[in-house]
């Protein structure tokens, strides 16, 4: 079965073709970073309009890459949520219209299930069951995964997600959008020991996260420095390093707890923040001590992409799950509500 995947949940237009026997045949991605940079964040209306301009040309591009035609497509998977409602509707409308014209089925894919399954596209994918750390956009979650659609939420952020905290701290430091990679880059020049940032909610039982306090601590640190002599480049780098280390160590501590609590020995990390090099290093150290394994998607599949949507959609289409041709756009959609592919 050849599945066309369409990702338009936020500020990236991702298109891919996945075949059940041959694997990933082609994928392409257009990022709107430059479009939104002047605004310091994603402008939903601009995002939607840009998806309208890009989806069809990118579909043609992946078809050419794979050497197939529209008539070869067996089904279309598109991101149905969570995400920006206008952006979701663009992808859903194009998917439904094309499917109607071709006489093929569609399926709406959960964006976070796409991220969760992205490591399955690698050469040595993890086996079920495993613990998943999902760190993408407005989500920071720990999930027990026993199969596709078999998800148990172990913990999540009670306020800001890790990615949101990175973006907000980036603004405090005067860094460009998107903030996460910019903070990580600046942190490489900083002194991890200069400031003692808290590790939120690690002093109590449980697997939930909280990052709003770290955001406030960062702001207070910068304000105190400004009042006592000013903020120079060295101090900004030190703040970035200490903030990042606090976020990373907090997530590592929670992942260790999740592995011990579930008794599982496989951990996957997915979502945009999973590309963070420091987080990967610290998780690798942690799982070694736990005699466990950690898996990631390749960097290009950590951020939003069409390949993960095509793959996730294929898993459900292959067992007979289908959508109708109405456009499904669900800005808020709990992952644990998804049905198992076992029926």
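Cβ atoms here come from the backbone N, Cα and C positions, even for glycine.
From a predicted model like this one, the values you see are computed outputs, not experimental measurements.
Just one of 108, 180, 190 is listed by Swiss-Prot for the same substrate site as 134, 135, 136, 137, 138, 167, 276, and that one is 180. Binding of Fe cation is annotated in Swiss-Prot for 111, 115; the matching candidate from 304, 324 at the same site is 304. Listed in chain order, the extra residues whose Cβ falls within 8 Å of the Cβ center of the Fe cation site residues 111, 115, 304 are 7, 9, 79, 112, 114, 136, 137, 271, 305, 308, 309. Counting only same-chain residues six or more apart in sequence, the Cβ atoms lying under 8 angstroms from the Cβ of residue 134 (substrate binding site) belong to 112, 115, 116, 140, 141, 142, 143, 270, 271, 335. Around residue 304 (Fe cation binding site), the C-beta neighbours below 8 angstroms that are at least 6 residues distant in the chain are 7, 9, 10, 11, 12, 14, 29, 111, 136, 272.
The binding residues for substrate are recorded as 134, 135, 136, 137, 138, 167, 180, 276; their greatest pairwise CA distance is 17 Å.
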